[in-house]
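Novice: Below are the structure tokens for one structure; questions will follow.
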Amino acid sequence: MTKITVAGAGAFGSALAVALDMAGREVTLVGRNVDAFQTSRDNPRLKGVPIPESITLTTVLNVTQDDLLLLAVPMQALSGYLEDTKPKPKAAIACSKGVDLATGRGPTAIIDDLLDAPSAILTGPSFAADIARGLPTALVIATNSDMGEELQEALSTDTLRLYLSHDPIGAELGGALKNVIAIACGICIGAGLGESARAALMTRGMAEMLRMAVAMGAKPETLAGLAGFGDLALTCTSEQSRNFTFGLSLGGKGPAPSATTEGRHTARAIVKLAGAKGVDMPIANMVAGMVEEKLTLEQAVSMLLSRPLTKEWPYAYRPDLHR
Ligand SMILES: NC(=O)C1=CN([C@@H]2O[C@H](COP(=O)(O)OP(=O)(O)OC[C@H]3O[C@@H](n4cnc5c(N)ncnc54)[C@H](O)[C@@H]3O)[C@@H](O)[C@H]2O)C=CC1
Ligand SMILES: O=C(CO)COP(=O)(O)O
């Protein structure tokens, strides 16, 4: 049986390890923090779900060409992690949601640049706690390699249902961009701007996601699926989301979460990329401005509302015409 190694023992890596172990796979969980719960099996990042004894916990990444490697470290740590560890797995599957701030690359491009192994992205609507508890979840496994069906089979369980896609760019941009829109929605609710405004932000946010993803070479239908619409719906409406609760705090409600909040970095990375590609992303601009403390809430709202009136779908998939 193919062995599965999960690198990154945070909430998501641990949850995937638990779900795959419960389904009878041979799983190793690698993390710089695992010594802290080697005995108790209680990972503070995944409260309430003990890590089973059948999962090997280690601080050292050691994979062979027979192993699948799931990479569940935060996006900004991914390239450094791969440069340091130089693994040679059968396939490397990114689980991070974001865009690298230094280079503008997504997770599969980073893997393709740094490793001699087929790359894939596992993404879609899923909170770590839900996956770890075995609640029903549907995700996307996207790859340009010919390993798609093998990966789909190896990583699906009775409750974790993977759909196969051959559009990794669209899948990873869906997961990255929805975090930025979730921050905007959190700001909106935190500032008391109302549910109607949130629905508007989600919908116009989806239009931005589509424009940007298509400009980067994605298929539009990917954004309508689990990795785009599905994850947008989850993250923009739940206080379980760290991106949404970070937005709430920017809007004046509650403290900022201390854990990984990918959208903070992605907003800044995507605004740079959108500028270079000439893609109009007013909501992402607003989020990046507030994250960088260059815009107040009042300025951000006024900027969005004072934009010229336009058609709903003038040139949605045509960034060249969308000026
Ligand atoms: N938590 C969730 O519900 C979900 C998270 N994700 C994605 O999974 C990725 C990881 O998120 P979480 O596990 O939630 O974050 P987390 O904050 O719970 O854990 C991150 C882990 O990465 C480790 N880490 C950080 N920097 C590192 C470095 N330079 N080298 C090695 N290890 C490093 C930390 O020690 C920690 O164990 C993110 O991209 C997130 O968007 C995706 C779906 C769901
Ligand atoms: O990606 C997620 C849900 O699909 C998790 O969202 P947060 O990172 O905002 O908690």
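Keep in mind that glycine also has a Cβ here, set from the backbone N, Cα and C atoms.
The active site, proton acceptor annotation in TrEMBL covers K178. The feature NAD(+) binding site is assigned by TrEMBL to G8, A9, G10, A11, F12, G13, A128, R242. TrEMBL lists F12, R32, K97, A128, R242, E262 with the feature NADPH binding site. Residues or ranges marked as substrate binding site by TrEMBL: K97, R242, N243. The sn-glycerol 3-phosphate binding site feature in TrEMBL is assigned to K97, G124, S126, K178, D231, S241, R242, N243. The annotation domain 'Glycerol-3-phosphate dehydrogenase NAD-dependent N-terminal' is assigned in TrEMBL to 3-145. Sequence annotations record features per position, and here TrEMBL assigns domain 'Glycerol-3-phosphate dehydrogenase NAD-dependent C-terminal' to 167-301.
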Novice: Identify which of the following binding-site residues, namely F12, S126, N243, place a Cβ less than 6 Å away from any atom of ligand 2, and list them by sequence position.
Specialist: S126, N243
Novice: If the criterion is a C-beta within less than 6 angstroms of any ligand 1 atom, which of the binding-site residues A9, G10, G124, S241 pass it? List them in sequence order.
Specialist: A9, G10
Novice: Output the one of R32, K178, R242 that, of all these recorded positions, has the highest number of other Cβ atoms within 10 Å of its Cβ.
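Specialist: Answer returned by the neighbour count: K178.
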Novice: Averaging the per-residue pLDDT over the domain 'Glycerol-3-phosphate dehydrogenase NAD-dependent C-terminal' (167-301), what integer do you get?
Specialist: 97
Novice: Near K97 (NADPH binding site), which residues of its own chain have a C-beta under 8 A away, given they sit six or more steps off in sequence?
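Specialist: The answer is M75, T123, E172, G175, A176, K178, N179, E262, T266.
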Novice: Which ones in the same chain are close to A128 (NAD(+) binding site), with CB under 8 Å and 6+ residues apart in sequence?
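Specialist: Same-chain residues close to A128 (NAD(+) binding site) (Cβ under 8 Å, separated by 6 or more) are A11, F12, S14, A15, L46.
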Novice: What three-state class does DSSP give A128 (NAD(+) binding site)?
Specialist: helix
Novice: Of A9, A11, the binding-site residues given in the record, which has the fewest other CB atoms within 10 A of its CB?
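Specialist: Comparing Cβ neighbour counts within 10 Å for the binding-site residues A9, A11 gives A11.
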Novice: Please give me the CB contact count at 10 A for G124 (sn-glycerol 3-phosphate binding site), counting all chains in the structure.
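Specialist: There are 26 of them.
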Novice: Could you work out which of the binding-site residues (G8, G10, G13) has its C-beta surrounded by the smallest number of other C-beta atoms within 10 A?
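Specialist: Among the binding-site residues G8, G10, G13, the lowest count of other Cβ atoms within 10 Å belongs to G10.
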Novice: Give the number of CB atoms, excluding that of F12 (NAD(+) binding site) itself, located within 10 Å of its CB.
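Specialist: Summing over all protein chains shown, F12 (NAD(+) binding site) has 26 other Cβ atoms within 10 Å.
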